[in-house]
Amino acid sequence: MATGWLRGKVKEVVSGDTVVVVAATQGPAVPPEKRLTLSSLVAPRLGKRDGTTRDEAFAWESREFLRKKLVGQACVFRVDYTVEVAGNKEFGSLFLQNGQQQENVALSIVQNGWAKVRETTGAQQKQSPYYEELVKAQEAAQGAGLGLWNKDSAAIAATLAPIPTSDDFNAMSFFNGVGKGKPVAGIVEAVLNGGTLRLSLLPDRMPVTVAVAGVQCPSMGKRPAAAPAAAAAPAAAAAEPAAESNGAAAAAPAAENGNSAAAPAAGVVTAASIAAAGVASAQVAPGGPEPLAREAKWFSESRVLNREVRVVLEGVDKYNNLFGSVFYPEADKPANLAEAIMSAGLGKAVEWSLNMMTNGAMRLREMERAAKQAKRGIWTNYVPVNTGQTKLSDSFLGKVVEVVSGDTLVVKDINGGGVERRVSLSSVRAPRAGGRDRAPEPHGLEAREFLRKKFIGKDVTVKMEYTRKIGPMPGQAAAAEAPAADDRSVMAFGNVELNNAKEGEDKNAAEMVVARGFADVIRHRSDEERSSVYETLLELEEKAKQAKRGKHSSKEVSVPRINDVSAPGQGARAKQYLPFLQRGGKLMGLVESVSSGHRLKIHVAKEGVTIAMAPSGVRAPQRPMPAMGGRPAAAGEPYGMEAYLWTREHFNQREVEIEIETADKGGTFLGTIVLPGPKPLSLGHALARLGLAKTQQFFDASRVKGGQELVAAIQAAKEARLKVWENWNPEDDVVVGEEDDDAAAAAATSGSGEVLSVTVTEVTDGNDFFVQSATEPRVQWLEEQLRGLALSDGPAATGLVLGSLCLGQFSLDNNWYRGFVERVSPVEPKYEVYFIDFGNREKLPSERVRTIDAALSAVPPQARPAGLAYLKIPTLAEEFGNEAAGYLAQLLGGGKRFKATVVRKERGGGAKEKHPRKAADKLLLSMVSEDGSVDVAKEMLLAGLARLPKLHKVRDPSAKAVISKLMDFQDEARKAHEGMWEHGDPGDSDDEEPAPRAPAWGKKK
């Protein structure tokens, strides 16, 4: 039965005269399809795979001509007639859109000699409406000896040569012959299900079945399901001709030849009626396809069926099934079929198959995880497992700086830049020790105290084992908005062991706390990670239960009553304890926590009170504080974090000897805090000696115990320019005029400057680069925090404006880093982001930008602008500027550590500047690699890419001494005509300027 013109897309070419066309629909639904034989054509038949029939002459070549022309192409077609005796086989005309022209496919086949025109025997014989054109084309092809009309006996014999059959194929032999990871080419003849293909390997056409490695798609069932084409037939039969539906006659492509048959008119043809029939194929019969099996099959068919693909052999299973990674062409680039299936959520990863893969297995797991999170395809009803874990295998040496509870410690990573890592003991749970808003659980304080006495301040080895995401802590659930699943915290679990335990002594923290009865062993599910000493923990727990130790005891637990007057607003209550604490003289206390470099929270057991205390007369700089409890984030003072970390390492959770002198109006007690031992350590004096504290504004040494020693320690730190005194000047109280610039410059550079251990993160040009402190623990802390956040799948940032802090995904490694919005594109959703911890910039689309939380934004930028002291280096706009920048990047790059001496600082804009780069001081450095092998200034001078100022224009004696020593290297480069000295002296005395000198103290030049 004839139909009107319909739009479609060629899904498959069966032979040189038969195609399968699907409706031109959008979306993942399986479209209806129609098998169409081109009217009045006969092409040679292909043989069967089992070898029962063989190819007719030129059958493969005929099919290949049509396959290369049609597969995947949009077309316009109609059914011309059906033949009832052949099972209502449909014959029709098909046109391919070729630019502005429409190509009659049947005519093209005949013109190239790859099909014959079926002869008619009478007036009633059904035939193509373009029959006369086809006959003329055949006569021309026959006369030219094209295609089937080739009379070359050798060519004919070659097409009739026997081809391998499926019985000739052995997967294991083939795999061993080609080799694992080696590619083979083939044409996909059929898609059995979304992840299983039947191919003809090239060039010998060996028929093979290949399973896509790493992927398992829904099964199509044991029996073939009803084809979507069954529903397509009535739809196609009911479709209105395009010409009638538009009220006008369609123009015939062959009208100029006198053919009256109607041909498709571009822009007026529709297949909407065909698309509506696709719903009928969605019914699932018992024993039939699994849910989404047809969709998965169509997904693969639309990409690889009848396409030439590349198969990378991965392995063979015990049933002799061949597995491989399949790559198909997409936009002139190879695309991975397994990745496409996973991304669409139409398959799941299978471990035994993933283990075969040479590479790409991890990417498939990640894509499956993303599909699950997005609930795509088969994962629509997926409910994520709440206790998902990630296995770890790293270990490190550290020092315990805090015991949080009976199962959690904070360890300083000795070889990791001093960063503090929170470690929970694997597979155990101890009672919670409580907090300011939570009462301790029974035995919680005892468990923490037991572990504190054993581990605080001790050197340990930590072996990390797994991580787990957790939800909000108690108290957070009542927030206005609950945190998203991807914002959950990441807990890291591992084993902590004492390094210096004597032979026979316990050293494993988890084993100790379980054996003492202060922790339970977690009963893991079969798919969960667990401690490497899990069996031992179970044995120790059983022994603790039998001995009724700790929490397994039947005795009632008494909760100690504690008066805590250390919190803000407790000043009046705190002062009530002052007389008792003063009369007590020297008292023993336990430091519960460290608030800042000089302020501690101490529990005095004798008086049953917990107080806030600080050493008399000194104050350490304030550390940065994140936003918390409605309080905004506070920027820290220089060296505030260093002072805090030092005090925390040496005093936190230690037993100290205190002597109270007085209390301030806020309720903080003042006096001496001493860590007892063979060499007692006074907190106030130690901070002063290290340059991490200054005296209070109205400090009177005569009124403070040990006041003279404190003054001497402060003075020694000043003269050594330590930490907070790095810019100290004996004449700080003297106003320096313009005429004293040189004297001020000399004072600023004559002493030994601060020495830093740094790595260079970015080189802008020969005069500007950025450094990070190699000993700054916040750098690694930031990396860990950003790594623990699942940002890639979160919503893109909106509403960011110029000057906003943000998180940006750097394009080279796809990792997330803190950034500052320098510019917002007015025409597209893009931002120019300056990465504040590295100094580089990148223009990012909105999907690579996220908002930043207060805790991360509170940490100061870690990239410090810097330059080389004493040297004059050409800019990028000057001759040898690019060479100088490139050579400097070569010297400083690669993550090498340098010992950098701060010669002076060029003051930045400070708080008035919003941009981090403009606000920061620029450090002018003298840089030498830590192993002493590379002196950067020397190397730049020897390469002729830097020069020195004239000595007679340098007034500062210390700078003149350094420049005099460097002058020999410049002279050596000049004599060798290196770099800018290639043609002699690049400048004259007129363009020489004095060496950079410090501005007058307190004034900006």
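Placed from the backbone N, Cα and C atoms, the Cβ positions cover glycine too.
Marked as compositional bias 'Basic and acidic residues' by TrEMBL: 974-986.
Residues annotated as domain 'TNase-like' in TrEMBL: 4-151 (among others).
The domain 'TNase-like' annotation in TrEMBL covers 182-381 (among others). On the 0 to 100 pLDDT scale, the domain 'TNase-like' (182-381) averages 74 in this prediction.
What TrEMBL records for 394-554 (among others) is domain 'TNase-like'.
As annotated by TrEMBL, domain 'TNase-like' applies to 585-727 (among others).
Under the heading domain 'Tudor', TrEMBL lists 799-859.
Residues annotated as region 'Disordered' in TrEMBL: 974-1005.
Residue counts of the domain 'TNase-like' (585-727) by helix, strand and coil are 38 helix, 47 strand, 58 coil (DSSP-based). DSSP states for the domain 'TNase-like' (4-151), grouped as helix (H, G, I), strand (E, B) and coil, give 39 helix, 50 strand, 59 coil. In terms of DSSP helix, strand and coil, the domain 'Tudor' (799-859) has 7 helix, 27 strand, 27 coil.
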